[in-house]
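First the structure, in the form of structure tokens, and then the observations on it.
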Amino acid sequence: MAASQGGGGNSGGGGCGGGGSSGGCGTAGGGGGGAGGGGGGGGGTLVVPIPVPTLFGQPFPNGPPWNPGSLQPQHTVRSLDRALEEAGSSGILSLSGRKLRDFPGSGYDLTDTTQADLSRNRFTEIPSDVWLFAPLETLNLYHNCIKTIPEAIKNLQMLTYLNISRNLLSTLPKYLFDLPLKVLVVSNNKLVSIPEEIGKLKDLMELDISCNEIQVLPQQMGKLHSLRELNIRRNNLHVLPDELGDLPLVKLDFSCNKVTEIPVCYRKLHHLQVIILDNNPLQVPPAQICLKGKVHIFKYLNIQACCRMDKKPDSLDLPSLSKRMPSQPLTDSMEDFYPNKNHGPDSGIGSDNGEKRLSTTEPSDDDTVSLHSQVSESNREQTSRNDSHIIGSKTDSQKDQEVYDFVDPNTEDVAVPEQGNAHIGSFVSFFKGKEKCSEKSRKNEELGDEKRLEKEQLLAEEEDDDLKEVTDLRKIAAQLLQQEQKNRILNHSTSVMRNKPKQTVECEKSVSADEVNSPLSPLTWQPLENQKDQIDEQPWPESHPIIWQSEERRRSKQIRKEYFKYKSMRKSSSGNENDEQDSDNANMSTQSPVSSEEYDRTDGFSHSPFGLKPRSAFSRSSRQEYGAADPGFTMRRKMEHLREEREQIRQLRNNLESRLKVILPDDIGAALMDGVVLCHLANHIRPRSVASIHVPSPAVPKLSMAKCRRNVENFLDACKKLGVSQERLCLPHHILEERGLVKVGVTVQALLELPTTKASQLSVA
């Protein structure tokens with residue numbers, strides 16, 4: 001149909017003579033012949049000529065629509081040529097967002113290019129023409145398909161800015177870190193590690209390695225003494241390296257990682273203005289501290305550091321305040337850590353307003369440059385002692401053409417030469433004073449360590465002396481007993497020996513109350529450290545001397561072992577000592593141990609630890625006194641008592657672990673103090689016996705004492721309801737103060753021994 005209409009148009013053109021122009025127009029117009037044919041078909045033999053502009057402005061419905069984008073490639077080519085021409089004259093090459101796969105600048109001289117923007121293209125590798133740009137300082141390769149960085153990049157020895165983010169890099173080559181880079185952006189790649197050679201980038205000020213798969217940061221990052229901004233967001237980091245605490249960071253972003261702890265040494269980041277740590281399972285500091293902001297985080301880190309170094313809370317390490325205000329004394333306020341006003345040369349780094357934080361302007365005066373270099377030099381010396389906070393970024397400011405300037409750019413340049421020398425002198429004197437203070441504190445710490453070691457040695461010597469004294473006294477008593485045995489054999493007949501049991505019974509009845517209650521009596525109860533005046537229950541007069549000596553050596557070794565075991569168990573068992581005593585010894589004296597001076601009043605034997613006297617020790621009455629000593633307070637009986645307590649505590653641990661299927665720590669008293677384990681045990685015996693249990697959370701890992709007491713009281717109430725008798729029920733302080741584990745074990749044992757039928761009846765009721 002269209003072809004026939006076109007034919008009509010052509011024939012009409014031949015008949016009228018005007019069709020020639022119409023047909024000519026159609027031929028020249030590229031599709032106009034079809035339009036003319038349509039016109040001829042509609043108008044018969046008459047064809048109306050249509051001007052060319054009208055054809056483009058008002059396309060006919062039956063013809064193909066005109067697409068203005070058909071001319072776009074010609075404009076793109078012209079704009080690309082124009083960009084290359086401008087790059088040759090200005091040194092700035094901008095080819096961003098052109099979907100280029102190959103570099104088009106083969107016919108242009110671009111060797112003087114200083115800035116090249118090749119971002120948002122489709123380069124699979126860095127164009128080889130770029131390696132010819134010797135003076136290149138800035139290279140932007142953002143959003144391409146680059147997989148590797150060739151070694152030819154070493155030709156760009158003036159490159160300070162490199163952005164190769166959002167590409168397909170899996171590793172960073174070692175030769176990349178031989179360049180004088182100040183800004184390196186390699187985010188949104190597939191990096192799994194950072195080479196150790198990154199420590200060579202002494203001038204690096206900004207590093208962005210976010211959105212990768214990095215698991216560990218190298219320790220060599222602590223050598224980046226000029227680093228101001230570090231972005232390690234969205235990686236797989238579990239631990240932050242301690243070396244970052246020595247850097248002069250202004251911004252730190254480690255969000256969206258797996259970090260659980262901020263190192264305490266990060267309290268030295270006194271220039272830090274922005275810290276982003278969200279989306280991390282942080283435990284130290286706790287979540288409620290992190291939500292309060294930067295100041296509270298640093299305060300928490302300072303308190304933790306003081307606790308670890310056994311310092312007082314009023315000796316917090318606040319050197320940043322003294323650096324910002326050398327003429328003002330230090331205070332304990334953590335709010336001064338980051339003042340809102342500018343002080344001294346720290347105009348941008350020490351403020352929170354975010355303005356003028358990173359100034360890239362070069363000092364306009366030689367005195368300003370010298371001041372900056374002097375401050376940086378002093379800071380480098382302090383950094384080597386791990387006690388400084390870096391203010392400058394480099395030692396030589398003239399070498400760095402784009403350093404971060406810490407002098408307020410709004411300050412008049414005229415005032416700098418007048419005050420430059422004063423600033424230099426004040427800072428140098430301040431740092432010298434700081435060195436002296438650090439030396440004094442170091443000496444004080446050394447003296448404290450020496451004193452602590454001396455005290456420990458004295459305590460160890462005292463313990464050894466006590467043990468030696470016990471063994472010496474036993475030897476003396478052994479000699480006296482041997483002498484007594486010889487005298488008895490010589491002076492007494494066989495009939496006297498037959499009546500010995502009867503005399504022993506009479507002597508036991510004749511012990512006076514004065515002897516029992518006397519402060520020097522051998523029956524006086526005393527702690528184990530002074531068990532020198534206690535008697536062993538072994539029948540000494542009946543033993544053979546040689547057998548007794550071998551037995552004595554064995555006992556002395558056993559005493560030494562039990563002595564140190566007792567000291568470790570004394571804290572947990574001290575609350576139960578009075579409860580375990582026999583009723584016959586309830587009224588005995590509990591006075592302080594007898595001093596060594598009292599032993600020497602009568603040649604060391606008048607009140608000997610075995611109740612023996614120098615000459616009357618061989619008489620019958622002294623033997624009766626010796627035989628009447630209560631064996632319940634001997635050292636061996638005390639050791640047996642401690643072994644029983646340890647066995648009960650072990651049984652308590654086994655009961656809890658077997659019933660609850662958990663593993664308790666070595667310090668079982670601390671594990672039971674909050675009452676959570678005991679409440680779970682009660683609910684295990686009878687469900688819902690404890691309605692509510694206060695449990696710790698990751699944000700608050702330790703319960704308050706009020707909540708601990710509430711848990712303990714709920715547990716004891718549940719025990720009463722379940723049928724535990726009052727005699728076998730422990731008291732709250734036995735659990736809360738960790739001093740009655742034996743009583744707690746009795747209560748738990750009673751709870752487990754309840755009949756199942758009774759427990760089921762109670763649950764039904």
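Each Cβ is built from the backbone N, Cα and C atoms, and glycine gets one as well.
Going by Swiss-Prot, these are the annotated features:
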{"type": "REGION", "residues": "1-39", "note": "region 'Disordered'"}
{"type": "REGION", "residues": "55-76", "note": "region 'Disordered'"}
{"type": "REPEAT", "residues": "89-110", "note": "repeat 'LRR 1'"}
{"type": "REPEAT", "residues": "135-156", "note": "repeat 'LRR 3'"}
{"type": "REPEAT", "residues": "158-179", "note": "repeat 'LRR 4'"}
{"type": "REPEAT", "residues": "180-201", "note": "repeat 'LRR 5'"}
{"type": "REPEAT", "residues": "226-248", "note": "repeat 'LRR 7'"}
{"type": "REPEAT", "residues": "249-269", "note": "repeat 'LRR 8'"}
{"type": "REGION", "residues": "316-401", "note": "region 'Disordered'"}
{"type": "COMPBIAS", "residues": "378-388", "note": "compositional bias 'Basic and acidic residues'"}
{"type": "REGION", "residues": "498-552", "note": "region 'Disordered'"}
{"type": "COMPBIAS", "residues": "503-512", "note": "compositional bias 'Basic and acidic residues'"}
{"type": "COMPBIAS", "residues": "518-529", "note": "compositional bias 'Polar residues'"}
{"type": "REGION", "residues": "565-628", "note": "region 'Disordered'"}
{"type": "COMPBIAS", "residues": "584-595", "note": "compositional bias 'Polar residues'"}
{"type": "DOMAIN", "residues": "642-755", "note": "domain 'Calponin-homology (CH)'"}
Chain residues outside the repeat 'LRR 5' (180-201) and at least six past its termini with a C-beta under 8 angstroms from it: 142, 157-174, 207-224, 226, 231, 402
Intrachain residues whose Cβ lies under 8 Å of the repeat 'LRR 3' (135-156), provided they are six or more past its termini: 91, 96, 112-126, 128, 162-170, 172-173, 175-176, 178-179, 185
Positions on the same chain near the repeat 'LRR 8' (249-269), where near means CB under 8 A and six or more residues out: 210, 227-240, 242, 275-285, 297-298, 301-302, 304-305, 308, 317, 349, 357-358, 389
Summary of DSSP states over the domain 'Calponin-homology (CH)' (642-755), given as helix, strand and coil counts: 72 helix, 0 strand, 42 coil
